[in-house]
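The annotation Mn(2+) binding site is assigned in Swiss-Prot to N172, E238. The prenylated FMN binding site annotation in Swiss-Prot covers I175, Y176, R177, R189, W190, L191, R194, G195. What Swiss-Prot records for D287 is active site, proton donor.
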Amino acid sequence: MKYHDLRDFLALLEQQGELKRITLPVDPYLEMTEIADRTLRAGGPALLFENPKGHTMPVLCNLFGTPKRVAMGMGQEDISALREVGKLLAFLKEPEPPRGFRDLFDKLPQFKQVLNMPTKRLRNAPCQEKVWQGDEVDLNRIPIMQCWPDDAAPLITWGLTVTRGPHKERQNLGIYRQQLIGKNKLIMRWLSHRGGALDFQEWCQAHPGERFPVAVALGADPATILGAVTPVPDTLSEYAFAGLLRGTKTEVVKCLSNDLEIPASAEIVLEGYIEPGEMAPEGPYGDHTGYYNEIDNFPVFTVTHVTQRENAIYHSTYTGRPPDEPAVLGVALNEVLVPILQKQFPEIVDFYLPPEGCSYRLAVVTMRKQYAGHAKRVMMGVWSFLRQFMYTKFVIVCDDDINARDWNDVIWAITTRMDPARDTVMVENTPIDYLDFASPVSGLGSKMGLDATNKWPGETQREWGTPIKKDPNVTARIDAIWDELAIFHDGKGA
């Protein structure tokens with residue numbers, strides 16, 4: 001599925017009935033959230049609010065409101081094809097040279113995709129068609145949504161933040177929410193382990209007291225946005241990965257006020273800096289947990305330039321108790337994660353992050369168990385392999401006869417194959433999501449692993465239970481006469 005920028009993608013969505021234009025006046029204050037939430041829960045289309053109250057700039061919501069649209073953004077037709085994206089990432093994370101001529105041909109598609117990795121630098125770009133700078137900058141021109149009644153202020157949610165550390169050649173792209181606190185001021189809420197925060201820390205050490213350049217792209221093409229939330233290898237830039245997804249090189253242009261490179265087709269770009277030591281209290285905000293988060297101090301982003309396309313579109317979303325857009329995104333990205341994990345742990349059959357678990361706080365793993373203690377090795381591997389699982393509080397490991405995505409199966413395994421004392425692993429004083437108020441200390445808490453596998457010799461001294469299995473001959477005989485029995489007139493139960 002080929003597209004060049006966000007507008008191309010919206011045209012594709014509209015052709016397929018996946019985009020709804022809203023012409024009635026709708027307020028960015030609470031009303032857009034209510035409409036977007038109802039639409040997402042019904043599996044509805046992306047929404048383009050063409051007449052936001054008090055503004056002339058349209059607002060795009062629910063862009064990734066179904067797994068299908070996430071897959072389309074990654075250049076695929078449906079969610080099942082995302083396993084191939086995961087296989088490509090697994091290959092790039094640990095590339096293997098071809099083992100002979102036939103293997104070379106098998107790997108040719110992957111090598112061809114790599115040709116789309118380098119960025120294409122432009123001198124002039126659509127994102128700089130209109131420019132405001134200095135006193136002309138007024139972020140109130142943008143219809144920034146306020147999503148929940150007790151939110152502190154309007155909040156930018158889909159800002160693609162571009163940074164570069166002082167000792168790094170490649171840039172970091174990350175999605176960090178930003179609270180509006182003035183006509184040219186935002187609070188940059190990034191956690192200390194995230195790429196942007198690490199770049200800032202390194203900058204402050206290398207250039208004490210100097211301003212840290214930052215750019216925020218709003219309304220980038222979907223491949224670039226998704227590249228920023230996908231577990232790409234550290235050696236691969238998000239722009240390069242976006243080129244792989246899109247099938248064409250990512251076009252970038254240099255900022256007007258600094259040397260950062262931004263997506264050339266972005267709808268809006270905010271350029272500016274963070275002054276070391278300038279902090280402000282952020283929040284509270286309703287978040288993907290379903291609760292308002294605590295207030296905490298984060299750096300202030302001062303905007304010196306706003307550039308945009310003609311007739312720019314503002315891309316936004318809301319976060320709340322699942323299902324919300326991040327939860328849907330998590331369902332789709334789950335398919336990308338499976339091949340990456342299987343590359344490192346071939347015994348893993350499936351891996352599932354239930355959306356009701358905030359998309360990352362609980363994981364279910366099914367595996368082909370091969371020895372006593374194997375399940376514990378896998379759960380430790382899940383916690384340590386990808387930083388995306390740093391905040392996963394619960395890991396449930398089951399055998400491969402269990403469907404990881406069926407709670408009936410998983411709960412049966414937990415209640416019949418686990419002894420709580422023997423099969424529960426507790427790990428204390430580990431990194432925990434700052435938004436997790438259940439932990440005793442902010443950012444530090446415990447994790448639990450549940451070994452719900454059948455136990456092997458060495459793990460139990462008792463004879464293990466034998467699962468009940470039907471007689472296949474009897475099943476076949478009853479299948480043959482089932483309709484004749486007419487127990488269910490509507491065919492139910494067959």
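Including glycine, each Cβ sits where the backbone N, Cα and C put it.
Model, not experiment: these values are computed from the prediction.
Feature map: annotations from Swiss-Prot on the structure.
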{"residue": "N172", "record": "Mn(2+) binding site", "Cβ neighbours (10 Å)": "19"}
{"residue": "I175", "record": "prenylated FMN binding site", "Cβ neighbours (10 Å)": "17"}
{"residue": "Y176", "record": "prenylated FMN binding site", "Cβ neighbours (10 Å)": "24"}
{"residue": "R177", "record": "prenylated FMN binding site", "Cβ neighbours (10 Å)": "21"}
{"residue": "R189", "record": "prenylated FMN binding site", "Cβ neighbours (10 Å)": "21"}
{"residue": "W190", "record": "prenylated FMN binding site", "Cβ neighbours (10 Å)": "21"}
{"residue": "L191", "record": "prenylated FMN binding site", "Cβ neighbours (10 Å)": "17"}
{"residue": "R194", "record": "prenylated FMN binding site", "Cβ neighbours (10 Å)": "18"}
{"residue": "G195", "record": "prenylated FMN binding site", "Cβ neighbours (10 Å)": "21"}
{"residue": "E238", "record": "Mn(2+) binding site", "Cβ neighbours (10 Å)": "25"}
- prompt: Other than I175, Y176, R177, R189, W190, L191, R194, G195, which residues of the chain come within 8 Å of the prenylated FMN site, judged by Cβ distance to the Cβ centroid of those residues?
  reply: T161, G174, M188, G196, A197
Task: Between the Cα atoms of Y176 (prenylated FMN binding site) and the residue listed as 'active site, proton donor', find the distance and write it as a whole number of Å.
output: 13
Cα proximity to G195 (prenylated FMN binding site), best match among recorded positions N172, E238, D287: N172
Message: When you rank R189, W190, L191, R194, D287 by Cα distance to N172 (Mn(2+) binding site), which of the recorded positions ends up on top as the closest?
response: R194
- prompt: Taking the Cβ of D287 (active site, proton donor) as centre, how many other Cβ atoms lie within 10 Å?
  reply: 21
Task: Could you measure the widest C-alpha to C-alpha distance across I175, Y176, R177, R189, W190, L191, R194, G195, the residues recorded as binding prenylated FMN, and give it to a whole number of angstrom?
output: 14
- prompt: Between L191 (prenylated FMN binding site) and the residue listed as 'active site, proton donor', what is the CA-CA distance rounded to a whole number of Å?
  reply: 15
